[in-house]
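**Student:** Have a look at this one before I ask anything.
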Amino acid sequence: TDFCGPPKTIPHASLRLNKQYYLGQVLHFKCQSGYDKRSPTSGTRTCQKVNGQITWTPLNMQCTNDSS
């Protein structure tokens, strides 16, 4: 079976971590309380195989408590 390694974490975002990440698995990230001023405030990453490389799809969420 094909497995992804652990995904990179995102500052101030929470993720329920598993022990194994398998091909096709979808991870749901959510900004921690107080860090959701910029959209999007949640997102997903999927473990997939691209050109023979197993990788996580990019995640374009930002968690910040900036007032600007």
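The backbone N, Cα and C atoms fix where each Cβ goes, and this holds for glycine too.
Pulled from TrEMBL, these are the listed features:
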DISULFID  C4-C47  disulfide bond
DOMAIN    2-65  domain 'Sushi'
**Student:** By DSSP, what is the split of the domain 'Sushi' (2-65) into helix, strand and coil residues?
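**Tutor:** Summed over the domain 'Sushi' (2-65), the classes give 0 helix, 25 strand, 39 coil.
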**Student:** Taking the Cβ of C47 (disulfide bond) as the centre, how many other Cβ atoms fall within a 10 Å radius?
**Tutor:** 20
**Student:** So if I draw a 10 Å sphere around the Cβ of C4 (disulfide bond), how many other Cβ atoms end up inside it?
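**Tutor:** Within a 10 Å radius of the Cβ of C4 (disulfide bond) lie 20 other Cβ atoms.
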